[in-house]
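To start, the structure under review is shown below, and the notes come after it.
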Amino acid sequence: MIGKWRMGLWALAILTVPMYFIVTEGRKTSWGLENEALIVRCPQRGGAINPVEWYYSNTNERIPTQKRNRIFVSRDRLKFLPAKVEDSGIYTCVIRSPESIKTGSLNVTIYKRPPNCKIPDYMMYSTVDGSDKNSKITCPTIALYNWTAPVQWFKNCKALQGPRFRAHMSYLFIDKVSHVDEGDYTCRFTHTENGTNYIVTATRSFTVEEKGFSTFPVITNPPHNYTVEVEIGKTANIACSACFGTASQFVAVLWQINKTRIGSFGKARIQEEKGPNKSSSNGMICLTSLLRITGVTDKDFSLKYDCVAMNHHGVIRHPVRLRRKQPIDHQSTYYIVAGCSLLLMFINVLVIVLKVFWIEVALFWRDIMAPYKTQNDGKLYDAYIIYPRVFRGSAAGTGSVEYFVHYTLPDVLENKCGYKLCIYGRDLLPGQDAATVVESSIQNSRRQVFVLAPHMMHSKEFAYEQEIALHSALIQNNSKVILIEMEPMGEASRLQLGDLQDSLQHLVKMQGTIKWREDHVADKQSLSSKFWKHVRYQMPVPKRPPKMASVAAPLSGKVCLDLKHF
């Protein structure tokens, strides 16, 4: 009896003494930017109906509740208005209720604002995964603040613009979302406390989930009805590749021989190797299967090979056949290489010969193909001779030019080659208007032959002839110019470009001159000399036979006749 009585007393004592349970929750983290508002909530529940005390763990000081302080307690919330870097530390909240004591701690870190507007990863809130069906981004922690609309949104530190972006309450909606919308989004709003406004920003990443799709198989290699050439005894490797889309699905790429899978065909020298899965440039799933035939035989050419690709959309096959490849005839290859080398050498030699003897070849071709050509250009003369008739020199110099113009040129070009020349003083009748006749004769000539000599004096008549001839050749493009330079028998005086008109100087620099020097020409009337070859090359094709054609008839068919043969 005494023992039972004692046990009852102990039970009564236990029931009359209040019981307290202490509940502690792990430490959480929170962060903010300097000079912005930061509000954190006690990690423990029950603070809304029970008193909450906050302590700064670094100093074990209790944080006041008076709102006039920069940091104060409001129920279960701790407010930093605004936050400073030195506020960083561990804060502990204590919730007291009749049944228990709950404690929680927060590791608060206040950062300086990044100078380059790039938010580091440790200051980012949870990432939002978007899609075409869900393109909503929520501004984090906004529910803790006393905020008013609107909320401003930024992407990668740039304000969002355009009709695709819609801000509603604490959400951002993006229409027609795609991969270009991925990035870091920052919401910016205003918190109001005791009539004072504080700025709050929060950043989180947004990614777009790729929506997969599947398509009917597309074989990218080999082409349909592809033919592979292979030599007997060699190894043939043929790849079968196909793409199916981007979604996860059942796919297969394989080879068949006579509609039978390689594994069931029963020949060890014919194997199928699966290649690695690959993705194309547009993200599609592609598979490859390699058919390897070791030691190709004659029977392999009669088999039917199929590259097969399949998924739930269907099956597609590309037939492939083998064809015998003739072995390379190395002897024939040597002959071809040697022939091409000889041909190349011949072409090079021919080019060099033509470059060296081009004038001779051109004259020969002209004499053979077009010895006399009827020209319907309305021209009366083949060439008009322009020469200086007054000199600052001796009479001997004047006589040599006059003799060359009136005797040497006509004797060779008219008598031997059949050209018709117009020479001032020979073909112009007395009593005619010299200026009119000169201009008309130049206009009716196919070539303008300038005879240039040292110490030329620009007489009125000579200057006028030059002006008309150069205008016809350079401006009207009505004729061509031949420049003959009379070189003296010595080095004392040569042709000076400064004595010529500007247009004539330009022609001399562009096309050069044909030089005549009596002491360098063994036979002054020989058509085989370098001088007369160059003159004939620049002259047009004669339209009439030479005056001595009757004498030269028994000879070769050359147009220009060389009197040294008679």
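Just so it is clear, glycine is given a Cβ too, placed from its N, Cα and C backbone atoms.
According to Swiss-Prot, the feature region 'Flexible linker' maps to residues 204-216, out of the candidate ranges 178-190, 204-216, 438-450, 516-528. Between Cys240 and the candidates Cys243, Cys286, Cys307, Swiss-Prot records the disulphide bond with Cys307. According to Swiss-Prot, the listed position annotated as N-linked glycosylation site out of Asn258, Asn477 is Asn258. Disulfide connectivity taken from Swiss-Prot links Cys243 to one of Cys157, Cys286, namely Cys286. In the disulfide annotation of Swiss-Prot, Cys93 is paired with Cys42 out of the candidates Cys42, Cys139, Cys157. Summarised by DSSP class, the composition of the domain 'Ig-like C2-type 1' (27-109) is 3 helix, 43 strand, 37 coil. Counted with DSSP, the domain 'Ig-like C2-type 2' (120-207) comes out as 9 helix, 47 strand, 32 coil. For Asn194 (N-linked glycosylation site), the nearest of the glycosylation sites by C-alpha distance turns out to be Asn146; the candidates were Asn107, Asn146, Asn225, Asn258, Asn277. Counting every protein chain shown, the number of other Cβ atoms lying within 10 Å of the Cβ of Asn146 (N-linked glycosylation site) is 11. The recorded positions shown are Asn107, Asn225, Asn277, Ser441; of these, the one with its CA atom nearest the CA of Asn258 (N-linked glycosylation site) is Asn225. Put simply, Asn225 is the one of the glycosylation sites Asn107, Asn146, Asn225, Asn277 whose Cα lies nearest to the Cα of Ser441 (phosphoserine). When the recorded positions Asn194, Asn277, Ser441 are compared by the number of other C-beta atoms lying within 10 angstroms of their own C-beta, Asn194 comes out lowest.
Here Asn225 (N-linked glycosylation site) is compared against the glycosylation sites Asn107, Asn146, Asn277, and the shortest C-alpha distance is to Asn277.
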